[in-house]
There are 2 protein chains.
Amino acid sequence: MARRFYKRRPEASGQAFEDIIDSTNLQYKNGEVALIHKRPTPIKALKTQGNRVLSGVFEKKSTVDYDGIYRGKALYFEAKNTQSETSFPLANIEAHQLEHFEAAEKHGALCFVLIRFEKKGTIFYAPFSFIQKCRKRAKEGGRKSIAYNEFLEHCPEVPVTLRANIDYLLFVDREIEGETA
Amino acid sequence: MARRFYKRRPEASGQAFEDIIDSTNLQYKNGEVALIHKRPTPIKALKTQGNRVLSGVFEKKSTVDYDGIYRGKALYFEAKNTQSETSFPLANIEAHQLEHFEAAEKHGALCFVLIRFEKKGTIFYAPFSFIQKCRKRAKEGGRKSIAYNEFLEHCPEVPVTLRANIDYLLFVDREIEGETA
């Protein structure tokens, strides 16, 4: 039973996924492809000393984890890591994130979710429109998650390319070109 | 000499300026005009308990204070409050902020600085291009600040309108329309 000591905690895996995205964003920045940042977790500092925070509170988030600019367009996305091998629970995307995506799309931003099935070793690019379709189905009494097979059918897998560790902008290109076609 | 006890500290004034901008951004959001947010100050939480931060450190900022989306375009801006009645010191805009503006403009974002001369009661909309011109002049041995009169001559004053407390998007409109004209 020693094995479990080597097993990474889900939070650690989520962190590892974020690290891959951060390194991708740095590749995009250095290659002058795009300018994309992780939004800091909002913490209200109550007591500080120099650059140290002695006391603070986590504040309510109002947006999503990543934002940036690419080909003149604003983009927002959320990165989700799941341990499941069969489905992604819709509850993993919070209400404030959905609200932000809805408002941002209305103003012309590109919105999507990167979903990693860690045990499968796959990362999908899920446009916000796809997430919304699945949420609508759930609201109408359908399943409360998105099956792995549905991702395979409807969402592209994000590949490693020469320019980036997870080159998700390939699919943003397709959306931009689809819009203008 | 009791008067000084009533005098607001510069930081408090900066906070007050941020509050006006936050309320403006809320008006824009509620009116479905634009979606603009203050970026949280990046704090790395080292020790937490529930939603409380028991220990943390301020991290280096990589971007500017405000970002958002308007008419399909990404925008970034910085808000600066000054106590001076005669000029704005260029050193008030940090190197990492200038770098961010440069990169963001390259990718198609609209970048500007809102500068409030608190004692004059005026707020100027200064396009990043104007700030850069003044910085270039400083580098070449010219003055290290921008005179109040230069703002009067080159930058519009941000007015209160029915839709917003400080309706800076009026000038973003002009820039967008200038681009497409």
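In case you wondered, yes, glycine gets a Cβ from its N, Cα and C as well.
Per TrEMBL, the feature Mg(2+) binding site maps to A:Thr63, A:Asp65, A:Glu78, A:Gln97. Taken from TrEMBL, the feature site 'Transition state stabilizer' covers A:Lys80.
A:Asp65 (Mg(2+) binding site) sits 10 Å from A:Lys80 (site 'Transition state stabilizer'), taking the C-alpha atoms as the reference points. Looking at A:Gln97 (Mg(2+) binding site) and A:Lys80 (site 'Transition state stabilizer'), their Cα atoms lie 12 Å from each other. A Cα-Cα distance of 15 Å separates A:Thr63 (Mg(2+) binding site) from A:Lys80 (site 'Transition state stabilizer').
Within 10 Å of the C-beta atom of A:Glu78 (Mg(2+) binding site) sit 23 other C-beta atoms, taking all shown protein chains into account.
For chain B, the nearby binding-site residues by a Cβ gap under 8 A number none, drawn from A:Asp65, A:Glu78, A:Gln97. Sequence-distant neighbours of A:Lys80 (site 'Transition state stabilizer') (same chain, 6+ apart, CB under 8 A from its CB) are A:Phe88, A:Asn92, A:Ile93, A:Val113, A:Leu114, A:Ile115, A:Arg116. Listed in sequence order, the residues A:Arg39, A:Lys61, A:Val64, A:Tyr66, A:Tyr76, A:Phe77, A:Glu94, A:His100, A:Phe101 complete the 8 Å Cβ shell around the Mg(2+) site centroid, once A:Thr63, A:Asp65, A:Glu78, A:Gln97 themselves are left out.
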